[in-house]
Amino acid sequence: MASTICFILWVVFVTDTVWTRSVRQVYEASDPEDWTMHDFDCPRECFCPPSFPTALYCENRGLKEIPAIPSRIWYLYLENNLIETIPEKPFENATQLRWINLNKNKITNYGIEKGALSQLKKLLFLFLEDNELEEVPSPLPRSLEQLQLARNKVSRIPQGTFSNLENLTLLDLQHNKLLDNAFQRDTFKGLKNLMQLNMAKNALRNMPPRLPANTMQVFLDNNSIEGIPENYFNVIPKVAFLRLNHNKLSDAGLPSSGFNVSSILDLQLSHNQLTKVPKISAHLQHLHLDHNKIRNVNVSVICPSTPTTLPVEDSFSYGPHLRYLRLDGNEIKPPIPMDLMTCFRLLQAVII
């Protein structure tokens with residue numbers, strides 16, 4: 001399952017990168033005489049690639065306003081300008097928009113006209129990173145699949161903001177100003193298909209409440225989280241990647257079962273205050289525990305049990321799946337305990 005997720009995300013990233021590079025190559029190599037085919041509706045501040053009639057490039061132009069968007073446009077690039085507002089009018093004909101990049105502007109919540117974004121019924125990707133937002137914008141179109149809000153000043157999530165975003169799969173709120181009081185028990189209600197949640201680099205002291213059941217990737221690095229409630233992972237039974245690096249987790253703050261959650265494949269707990277290795281699942285493949293206060297590794301506690309009736313050859317398939325273990329930056333002294341290697345027979349790398 002994890003490899004499938006990574007492959008999908010990698011394909012999306014590579015596809016976007018290659019597509020963008022191809023447009024720029026076309027721009028550099030194309031004959032200016034060919035540009036006239038779309039000049040009739042192309043905003044004079046922007047570039048309309050002749051080989052990609054559904055793309056509109058208006059980035060790095062010093063724009064203070066969004067130009068009128070032609071109806072044929074699917075992909076809109078407006079990053080790195082001086083735009084402060086998102087009014088309805090420029091988008092009144094842009095009924096086909098799938099992708100909007102407004103990163104690195106000066107947009108505030110007060111500058112977003114109420115229906116400007118929600119009227120875009122086919123919008124899938126919305127990038128508003130590096131702006132001046134203080135709360136998650138609302139309302140948003142139901143069609144939205146990815147919402148990128150990193151590096152703003154977001155400290156509030158108005159009630160009901162996500163209630164109709166059932167198609168959203170990725171929510172990026174990293175590097176904002178979120179506190180625990182930004183969340184209600186029903187904050188994430190409606191995000192039925194959310195797969196990745198990134199709230200790294202905020203000011204959280206507690207785990208966010210009641211995450212959507214389908215969430216598979218949770219990134220909470222660089223907060224001030226001190227503990228994890230008992231049975232917290234019961235509501236997110238599909239979580240596979242969990243990052244809690246650079247927090248304030250201690251042994252007393254962990255659930256009694258530790259991280260013995262069968263769905264978790266990659267667990268990152270670097271730079272915390274742990275003094276012992278927590279319990280883990282036999283399905284875990286990558287464990288990062290570097291830069292804690294761990295003095296020794298009690299293998300009898302952390303080694304997931306394997307049925308003794310299994311033949312030796314089957315123990316590799318049904319036994320612990322741990323392949324990568326980081327313990328450097330602790331108070332552990334080599335050599336590596338032999339019973340650690342005996343328990344985790346699939347280990348490919350151990351860093352102490």
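A Cβ is built for glycine as well, from the same backbone N, Cα and C atoms used for every other residue.
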Discussion item. According to Swiss-Prot, the disulfide involving Cys58 connects it to which residue among Cys42, Cys46?
Written reply: Cys46
Worksheet item: What is the disulfide partner of Cys48 among Cys6, Cys42, as given in Swiss-Prot?
Response: Cys42
Response to the item:
Per the Cβ under 8 Å criterion, with at least 6 residues separating them from its ends, the repeat 'LRR 2' (96-117) contacts 54, 59, 69, 71-88, 123-135, 137, 139-141, 148
Practice prompt. Tell me, roughly as an integer, the mean pLDDT over the repeat 'LRR 5' (167-180).
Written response: 99
Worksheet entry | Cβ atoms near Cys58 (disulfide bond) (within 10 Å, other residues, all chains) | 22
Fill in: For Asn222 (N-linked glycosylation site), nearby residues of its own chain (Cβ under 8 Å, 6 or more apart in sequence)
Ala200, Lys201, Asn202, Asn245, His246, Asn247
Fill in: Asn298 (N-linked glycosylation site) versus Cys343 (disulfide bond) - Cα distance in angstrom
12
